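Novice: My questions all concern the structure below.
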Amino acid sequence: AAPALYPNPFMHLLFNTWIKASKSFMLQNRTVKELLWGYKDPFLNKVPFPLNPVLGVFYPYNGTFDGLYKVYTGKEDIKKTAIIESYKNKRNLSYWEGPCDLVNGTDGASFPPFVKKDQILRFFSSDICRSIYGVFHSKQDVKGISLYRFTVPREAFASPAEVRDNYCFCTDQVISKNCTIAGVLDISACKGGRPVFISLPHFLHASDSILHDVEGLSPNEKEHETFLDVEPITGFTLRFAKRLQVNLLVKPAPKIQALSKVQKPYIFPLLWLNESAVIGDAKAEMFRNKVTGRVQMLSVLQMVLMIAGSVLFLAFMGSYFICRSKKLK
């Protein structure tokens with residue numbers, strides 16, 4: 001990240017000196033615990049500035065929250081149920097230009113009731129510093145409960161050349177090749193200037209030029225897509241999988257020995273995450289008894305009443321015509 005944060009060549013010479021003094025390498029062997037919850041980096045430990053030398057994907061976020069949310073209860077308007085009214089007391093994020101900067105939809109845990117297949121479900125994720133959306137994919141059955149699966153489509157990460165509405169997510173003309181690269185999102189603005197890029201795992205739906213810069217990747221929709229399984233009557237999400245990949249932009253830096261052989265900028269994957277959950281057996285049974293079971297009972301009752309009404313109507317009409325024919329005779 002150093003060349004992106006400090007482009008000055010003199011700083012690169014200093015970095016190179018500190019890297020050699022710390023006997024640090026660009027590629028290191030670390031345990032999963034260290035990668036996730038933090039380890040003391042030898043290079044940063046040698047930097048003679050007052051900074052924290054501990055690095056970790058989730059460091060120091062363990063036991064913290066990502067900000068204050070204000071949401072609509074739906075009391076005044078049921079169509080606004082669970083919609084985020086503000087995040088950190090603001091309606092926008094200050095990371096993007098135009099409509100991309102707005103906080104749209106819910107937090108993904110639930111949506112306004114009576115979800116339709118032709119709806120677009122919008123939700124906000126602080127992990128990727130933006131609002132995103134899902135479209136209907138298929139019907140699912142989870143523990144006897146019928147659900148609608150909504151997936152994040154390829155168009156959500158498409159280039160502005162393909163989807164015009166994504167123009168405000170393009171922040172670097174050089175790296176994005178004049179906003180023609182798809183599948184990655186530059187979130188450096190909300191990461192303190194660090195060149196962090198977010199994508200789907202294994203660069204799913206990304207441009208070939210990004211995918212082929214790294215060996216060993218095999219994108220697969222079934223394993224790498226993000227989806228929400230929503231109960232359509234209540235709008236509750238009863239199963240989900242949020243999958244994303246954290247990447248770092250590596251730039252050429254001739255003055256830094258570890259980067260001296262890098263010929264062009266490329267996006268290097270660090271790790272990918274699968275945050276998934278499904279409703280428990282006890283909660284599913286309660287949901288079936290309290291919600292879906294009663295709705296099914298109402299449907300059966302409605303059908304019985306319609307059939308009974310039809311029979312009575314036909315009987316009445318039959319009696320009417322019989323009595324009328326007798327009267328005419």
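Using N, Cα and C of the backbone, Cβ positions are placed for all residues, glycine too.
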Novice: The disulfide recorded in TrEMBL for Cys129 goes to which of Cys179, Cys190?
Specialist: Cys190
Novice: Between Cys168, Cys170, work out which one TrEMBL annotates as bonded to Cys179 by a disulfide.
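Specialist: So the cysteine that TrEMBL bonds to Cys179 would be Cys170.
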Novice: Same chain only, sequence gap of 6 or more: which residues have a CB within under 8 Å of the CB of Cys129 (disulfide bond)?
Specialist: Leu93, Tyr95, Ile187, Ala189, Cys190, Lys191, Ile198
Novice: Quick check for the class: what is the C-alpha distance, in angstrom and rounded, between Cys170 (disulfide bond) and Cys100 (disulfide bond)?
Specialist: 10
Novice: If one measures from the C-alpha of Cys100 (disulfide bond) to the C-alpha of Cys179 (disulfide bond), what distance in angstrom results, rounded to a whole number?
Specialist: 15
Novice: Among the disulfide-bonded residues Cys100, Cys190, which residue has the largest number of other Cβ atoms within 10 Å of its own Cβ?
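Specialist: For the disulfide-bonded residues Cys100, Cys190, the Cβ with the most other Cβ atoms within 10 Å is Cys100.
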Novice: Show which residues of the chain containing Cys179 (disulfide bond), separated from it by at least 6 in sequence, have their CB under 8 Å from its CB.
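Specialist: Same-chain residues close to Cys179 (disulfide bond) (Cβ under 8 Å, separated by 6 or more) are Ser159, Pro160, Ala161, Tyr167, Cys170, Gln173.
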